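Now, the feature entries from Swiss-Prot:
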{"type": "ACT_SITE", "residues": "Tyr24", "note": "active site, proton acceptor"}
{"type": "ACT_SITE", "residues": "His101", "note": "active site, proton donor"}
{"type": "BINDING", "residues": "Asn75, His81, Asp88, Ile102, Ser103, Arg112", "note": "substrate binding site"}
{"type": "SITE", "residues": "Arg19", "note": "site 'Transition state stabilizer'"}
Amino acid sequence: MAKSILLINGPNLNLLGTREPSIYGSTTLPQVVESASSQCSRLSITFSHIQSNHEGVLIDRIHEARGNVDAIVINPGALTHTSVGLRDALVGVDIPFVEVHISNIHKREAFRHHSYLSDKAEAVICGLGTYGYEAAIEYAARHIKPKGEAQL
């Protein structure tokens with residue numbers, strides 16, 4: 001079981017609850033973070049979170065997680081479709097991660113169909129609304145082991 005999880009939310013996710021609620025729902029980012037924190041607490045998992053609209057800030061936080069975090073749950077937002085830098089950071093720190101998207105990116109505009117992260121992710125969850133975060137944490141808790149322990 002993962003003992004520590006870093007939740008990363010990328011650009012524009014600070015607008016959850018007000019930005020295009022017909023696509024992203026009415027749940028706010030503080031509600032998502034509180035729910036994730038409570039879930040991790042129930043599972044005895046150390047939880048941390050960052051949201052930034054700046055790619056470099058997210059990359060720096062991923063670098064800081066190296067050796068300190070067992071798993072990353074990431075909703076990269078629009079960086080999904082554009083950021084080789086984010087991909088390289090995740091691969092470079094060798095921390096297993098689960099990619100989350102609130103909407104089903106494959107039912108949206110064609111430019112949203114490609115992810116620079118998916119082929120490196122342990123799992124990809126999309127289209128489940130904010131429940132996707134809960135599912136990602138549950139997956140990480142059950143299937144991602146701390147370094148040095150055998151993976152399932």
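Heads up, the Cβ atoms here are built off N, Cα and C, so glycines get one too.
Recorded features from Swiss-Prot, shown on the structure.
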| residue | record | Cβ within 10 Å |
| --- | --- | --- |
| Arg19 | site 'Transition state stabilizer' | 11 |
| Tyr24 | active site, proton acceptor | 19 |
| Asn75 | substrate binding site | 26 |
| His81 | substrate binding site | 16 |
| Asp88 | substrate binding site | 14 |
| His101 | active site, proton donor | 22 |
| Ile102 | substrate binding site | 23 |
| Ser103 | substrate binding site | 18 |
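Counting only the Cα atoms, the space from Asn75 (substrate binding site) to the residue listed as 'active site, proton donor' is about 6 angstrom. A straight line from the CA of Ser103 (substrate binding site) to the CA of the residue listed as 'active site, proton acceptor' spans 6 Å.
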